[in-house]
Amino acid sequence: MSALEKSMHLGRLPSRPPLPGSGGSQSGAKMRMGPGRKRDFSPVSWSQYFESMEDVEVENETGKDTFRVYKSGSEGPVLLLLHGGGHSALSWAVFTAAIISRVQCRIVALDLRGHGETKVKNSEDLSAETMAKDVGNVVEAMYGDLPPPIMLIGHSMGGAIAVHTASSNLVPSLLGLCMIDVVEGTAMDALNSMQNFLRGRPKTFKSLENAIEWSVKSGQIRNLESARVSMVGQVKQCEGITSPEGSKSIVEGIIEEEEEDEEGSESVNKRKKEDDMEGLSSETQNFLFFLQTKKDHPYTWRIELAKTEKYWDGWFRGLSNLFLSCPIPKLLLLAGVDRLDKDLTIGQMQGKFQMQVLPQCGHAVHEDAPDKVAEAVATFLIRHRFAEPIGGFQCVFPGC
């Protein structure tokens, strides 16, 4: 079993209490509550972490696509942040606050196509080539022909897209590249069990609070502070239900409620309406099922990751060699050293990239330990003289 597969299986268990220093100082304080203290699972606005939000329009053959970005900072290099599959730019919220306080930089966190608040003509095309072009197009739309120095940082799927973007020279001012917990070997091994993992997740939630609570208690996000802002970008209000399962019993419940509202109605009328419902099309029954489901479980996932399976191989196959071939300074952050595959192990021994392992984290490393990730990225930026430290930040150079 690969390390990523272990992470998925462990993710179904309740998360362990965070260790001191394993996350942001604010999040640590919130997680370590006294006995009997109720944890706050209410959602938090993006504006508490980012300075501004913008919808960037990109022209293409079929018209205009709109990409949502969240921004902070006014000077220094741009850190262009790409989230993992199913997540959104909001997964970088707590990290953004942490990195901005350490080095002089600008943050641009992007909702990739099919995710978050980004609106594109073809949201089902999640090929590595298309999403890499999206990144280049957004940079061009934002900065024109003279973009500032940019470092690409991506988590999981976003890390793969960052590498494809860099290897295709789609960002002309690229100065650095960072992948977070994505390695070709373990990713390819984990794909076999990914569908089972996705089937094990709830399909709907009663509220945003319910979704946030699930994400923390299941271990998908081990940092409550991050979950409260991140899950807002992962779920949405239900728009429709395609499965007819359970429609009959719920439709009957709707009929009973209607009959109770009509004074003086007779049982014969009730039976007649039930008989009439039996003759309705499945589409109509699905709609009535949707109305009741929306009332009881109004939130669902923004993207059905199971339907993107045909693109998974293209995201990760050949990723290690692509990463190693990028002629820029590179950083690899992992939740465990056992995630390294053969090509990256050799490359790391040859000094082709900087690597740092951040233990006590789940797969969402930048959410679970935003301060540690910010420290690693800030040290990388200062080491290569890409950015200046602020607030008295002291670099701690890793041994690997």
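The count begins at 1 with the first shown residue.
For all residues, glycine too, the Cβ spot is worked out from N, Cα and C.
Because the structure is a prediction, the values reported are computed rather than measured.
Listed in TrEMBL:
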- SER156: active site (ACT_SITE)
- ASP181: active site (ACT_SITE)
- HIS363: active site (ACT_SITE)
- 256-265: compositional bias 'Acidic residues' (COMPBIAS)
- 77-370: domain 'AB hydrolase-1' (DOMAIN)
- 1-40: region 'Disordered' (REGION)
- 256-279: region 'Disordered' (REGION)
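Of all the Cβ atoms in the protein chains shown, 25 others lie within 10 Å of the Cβ of HIS363 (active site). Across the residues of the domain 'AB hydrolase-1' (77-370), the predicted structure has a mean pLDDT of 85. Take the CB of ASP181 (active site) and look out to 10 A: across all protein chains shown you find 26 other CB atoms.
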